[in-house]
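Everything on this sheet refers to the single structure shown next.
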Amino acid sequence: MASGGFSVAALWTEVNRFGQNGDYTRALKSVNKILQECKDDVTALQCKVVCLIQSGSFKEALNVINTHTKVLGSDVITFEKAYCEYRLNRVESALKTIENASEQTDKLKELYGQVLYRLERYGECQAVYRDLIRNSQDEYEEERKTNLAAVMAALSTWDKASPEDLGLTETTYELCYNAACTLIGQGQLGEAMKKLRKAEELCRLSLSEDSDMTEEDIDLELAVIHSQMAYIMQLEGRTEEALQLYNQVIKLKPTDVGLLAVTANNIITINKDQNVFDSKKKVKLTNAEGVEHKLTKKQLQSIEFNKALLAMYTNQADQCRKLSSSLQTQNPGHPRPVLIQVAQLCKEKQHSKAIELLQYFSEQHPESASEIKLTMAQLYLIQGHVTKACDILRSIEEFKHKPGMVSALVTMYSHEEDIDSAIDVLTQAIQHNQVEEPGSSAHLSLVREAADFKLKYGRKKDAISDLEQLWTQNPKDIHTLAQLISAYSLVDQEKAKALSKHLPSPDKMSFNIDVDELENSHGATYVRKKAAKVVGIHHSNYDPKATPDPERWLPMRERSYYRGRKKGKKKEQVGKGTQGTTSGSSADLDASKTASSPPTSPRPGSTTTASSGVVPPRQQKPAAPGATRKKPQQKKKKGGKGSW
């Protein structure tokens with residue numbers, strides 16, 4: 001009999017009854033009474049821990065476990081301890097507790113999978129769930145499959161792994177949603193959107209069967225699906241549609257702080273440097289309590305980067321520097337914090353300081369130097385230092401032989417009239433491809449570009465080896481053969497003659513072109529005039545008996561019998577008199593003396609001033625021959641703009 005007039009057995013009966021009814025608060029009171037009589041009762045301590053966990057008091061439950069370690073032992077309550085640590089976001093401690101357990105029970109394995117997922121160890125997590133599905137048969141099989149599908153989606157999205165087909169049937173909207181996320185990670189946006197629409201349909205169908213679910217409740221459940229749809233729209237460039245759907249999700253005010261944070265962040269990325277007032281409101285949603293436990297490290301990192309960029313867009317220079325410096329400390333090898341700092345410096349017109357910062361980072365972190373050096377080259381170009389930009393670009397080993405980079409370098413060197421360096425870039429790229437991809441389309445394309453470039457700048461001798469390589473690959477290429485013969489004609493004429501034998505005969509090169517039809521066709525720049533019709537036959541006055549004039553090859557005025565032209569009346573010529581005058585009568589050129597002369601229109605935008613005394617052309621009347629013009633009476637100037 002316990003003090004107070006009631007037995008311990010009766011208290012255990014209460015604990016059992018309250019527990020079955022789910023009334024853990026009253027069950028806890030009864031357990032505490034038992035512990036007052038039997039403070040080291042193992043069963044009572046276990047029941048107290050369970051009651052506290054069911055009531056959400058994880059910290060207090062963990063304190064009870066740690067206080068009674070000797071009584072409970074390490075294996076008696078391992079699952080409860082690990083679960084409390086997991087719910088308190090002490091994930092590393094939970095992992096250690098599970099791994100130190102002497103026996104791995106099924107419920108410990110379930111928790112182990114959750115812990116691995118939170119730690120982003122997706123490969124190990126996948127193995128745990130596959131083992132559980134294979135060796136378990138209970139009512140939780142559907143949940144395990146959903147968790148496994150979520151792991152596959154994470155592998156595809158964050159680890160960029162190609163997931164294998166596990167044969168998971170998409171019978172629920174959760175499974176369908178996770179399958180869509182996997183497709184997004186693989187870049188299959190169209191198929192992913194179809195899966196999301198199917199998930200939306202299944203969700204509505206499933207929840208509509210519950211009479212307690214309102215339309216608002218259904219919309220809240222669909223919020224995560226709609227947010228993912230908006231993300232696909234954003235990736236596809238349909239930003240207006242994405243923005244509209246994102247804002248619909250925000251207005252619902254879902255309780256999932258992780259969903260709100262991701263949605264708000266994506267709206268900020270669409271706004272960029274526009275609508276910054278809206279972005280400043282949305283950024284508050286990314287700072288909600290508990291967000292750091294709901295999102296992955298990469299998601300949290302992206303949100304912090306965008307906060308720094310928003311500070312730059314809103315002209316908060318000190319805040320931008322503070323955030324980017326903090327990000328660099330947390331992620332010393334990541335190039336993005338440095339690029340944000342550089343962007344802020346460029347905004348302040350400190351380009352030289354920005355280049356120094358980039359140079360230092362590229363030396364300290366060569367593994368991330370490629371992106372940094374591209375930015376350095378861009379800054380050099382902004383300053384007009386083209387050659388320095390080229391030197392930086394040529395130092396990027398992984399890009400220097402790519403077609404795009406080769407094209408950019410050749411263009412810049414050509415702009416600087418440094419043809420030798422441009423040819424050197426092409427030569428190195430060809431040599432690289434000769435080793436890596438001999439005879440490939442990329443290789444031959446570079447050879448063709450090199451040959452054409454050298455011929456364009458008169459380097460025919462240098463082009464010979466390229467042209468020979470191209471002709472060897474395609475002996476039927478007459479154009480290349482002709483270029484090769486032309487180049488050899490400057491170096492080795494015998495070789496040029498030998499190659500010319502490979503040219504097709506004129507008959508084979510004839511394309512049966514009608515020259516007259518071609519010249520008279522639409523768009524011809526030169527049209528040959530047709531000869532006049534011959535009316536009669538004109539015989540030549542050639543006399544075979546006469547002696548030809550020995551001076552017939554000399555110009556007429558240089559011949560001995562030339563006496564010059566006969567003097568006659570000079571023709572009136574324009575422009576032979578005093579500059580600006582003609583020899584004709586000025587009266588003939590006076591438009592006012594011709595009654596039928598139409599007035600000329602003024603030029604667009606032309607104006608007249610009141611003091612000029614000139615009548616605008618549209619008001620000018622033709623005067624009769626011989627009449628004199630009266631000077632128009634000047635009007636007094638009035639304020640405001642005049643009109644025609």
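Even glycines carry a Cβ here, placed using N, Cα and C.
If you look up TrEMBL, you'll see 540-561 marked as compositional bias 'Basic and acidic residues'.
What TrEMBL records for 575-612 is compositional bias 'Low complexity'.
Annotation comment: TrEMBL describes 628-644 as compositional bias 'Basic residues'.
According to TrEMBL, the feature domain 'Signal recognition particle SRP72 subunit RNA-binding' maps to 540-564.
The feature region 'Disordered' is assigned by TrEMBL to 540-644.
Remote same-chain residues near the repeat 'TPR' (223-256) are listed as 173, 177, 180-181, 184, 189, 192-193, 196-197, 199-200, 203, 216, 262-264, 266-267, 269-270, 282, 285, 294 (criterion: CB distance under 8 Å, separation of at least six residues from the stretch ends). Taken from TrEMBL, the feature repeat 'TPR' covers 223-256.
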When secondary structure is assigned with DSSP, how many helix, strand and coil residues does the repeat 'TPR' (223-256) contain?
27 helix, 0 strand, 7 coil
Predicted model, mean pLDDT over the domain 'Signal recognition particle SRP72 subunit RNA-binding' (540-564):
71
